[in-house]
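I have placed the structure first, in the form of structure tokens, so that the comments after it can refer back to it.
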């Protein structure tokens, strides 16, 4: 792990990939192929035909059953037609019956209908039976409702987090976007100019970027020196004034901190905490905003990942900000982390010059 597991913060997990889909496809193909192969070896052609017929019938019943289950959801959404959908029936139906992979479902449903029709035409007497019809009706009208009522269909933790990560619905995603649009996008493009305006710090600051501390605990000290006495406030950059949210010339300023090491060498960093993380910390303690410690730990990792992704995608902000994950549990470590990052980037810069 880089820099001793991100300065004690721990591993930053990667986004979930397509392994679930791949595994499902492999299981379906292997199990289906083994079943057909076994029937083929026994020379049971009727059995093979039944496998294809049953698969198509089951798939069709699953699709129809899901549509019928959504009819019950429609009963609830109708009650909110005016408040949630501005009285538009089109929005009610789209919200209730829309599928993310609608074209794929339509193709599978059409193929299933064709298979069922073909099987009935080939062997009407074998497949047009009352028990098959009862089975089909149960799977369309009864089973989906029971599955929903008893909670079997409720997404598990993995499925819920996959959906949230894919659709930017995590608390951390909102925090990251808010931090970017409400602050970083405004100050980072102006950062070098503000450094140049500062007669006190323009030559002392060797790394012209904003360093943002992200503690795993989400606890943010009001004064960074309380976390590490070697990191002391040295002053502020020249503030920039921006008209924002109805406030004329709202002031945005960044603090400069001095890091004093035992070798009497001093470093100067534009440094601050990701202050909105304190809201995550407060949520984990507030009884009306249930957020477990594990969920909080996951959200702060997602915050780092999303914020890095956002900043990397913005040309005006790219390379002007360094997100520094720290454990937050141990004091007197911030100076060591900052100096290590400074020295590592200095080595990279020297190697690039060579």
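One is the number of the first residue shown, and numbering goes on along the chain from there.
Cβ atoms are placed via backbone N, Cα and C, with glycine included.
Sequence annotations record features per position, and here Swiss-Prot assigns 3',3'-cGAMP binding site to 178, 183, 250, 251, 253, 272, 275, 276 based on experimental evidence. Spatially close to residue 251 (3',3'-cGAMP binding site) yet at least six residues away along the chain are 239, 240, 241, judged by Cβ distances under 8 angstroms.
Summarising the annotation, Swiss-Prot assigns transmembrane segment to 20-40 (among others) and lists sequence analysis as the type of evidence.
Same-chain neighbours of the transmembrane segment (48-68): 32, 35-36, 39-40, 97, 105, 108-109, 111-116, 119, 122-123, 126-127, 132, 135-136, 139-141, 143-145, counting only residues six or more beyond its ends whose CB sits under 8 Å from a CB of the stretch. Residues or ranges marked as transmembrane segment in Swiss-Prot (evidence: sequence analysis): 48-68 (among others).
If you look up Swiss-Prot, you'll see 101-121 (among others) marked as transmembrane segment. Same-chain residues lying 6+ beyond the ends of the transmembrane segment (101-121) with a Cβ under 8 Å from its Cβ atoms: 49, 52-53, 55-57, 59-60, 63, 127-128.
Sequence-distant contacts of the transmembrane segment (132-152) (same chain, six or more residues past either end, CB-CB distance under 8 Å): 57-58, 60-62, 64-66, 68-69, 72. Summarising the annotation, Swiss-Prot assigns transmembrane segment to 132-152 (among others) and lists sequence analysis as the type of evidence.
Within its own chain, the transmembrane segment (20-40) has Cβ neighbours under 8 Å at 47-48, 51, 55, 162, counting only residues six or more beyond its boundaries. Secondary structure at residue 272 (3',3'-cGAMP binding site), as computed by DSSP, is strand. Cβ-based neighbour count (10 Å, all protein chains) for residue 183 (3',3'-cGAMP binding site) stands at 15. Overall, the recorded 3',3'-cGAMP-binding residues 178, 183, 250, 251, 253, 272, 275, 276 cover a maximum inter-Cα distance of 19 Å. For residue 276 (3',3'-cGAMP binding site), the count of additional Cβ atoms within 10 Å of its Cβ stands at 17 [all protein chains shown].
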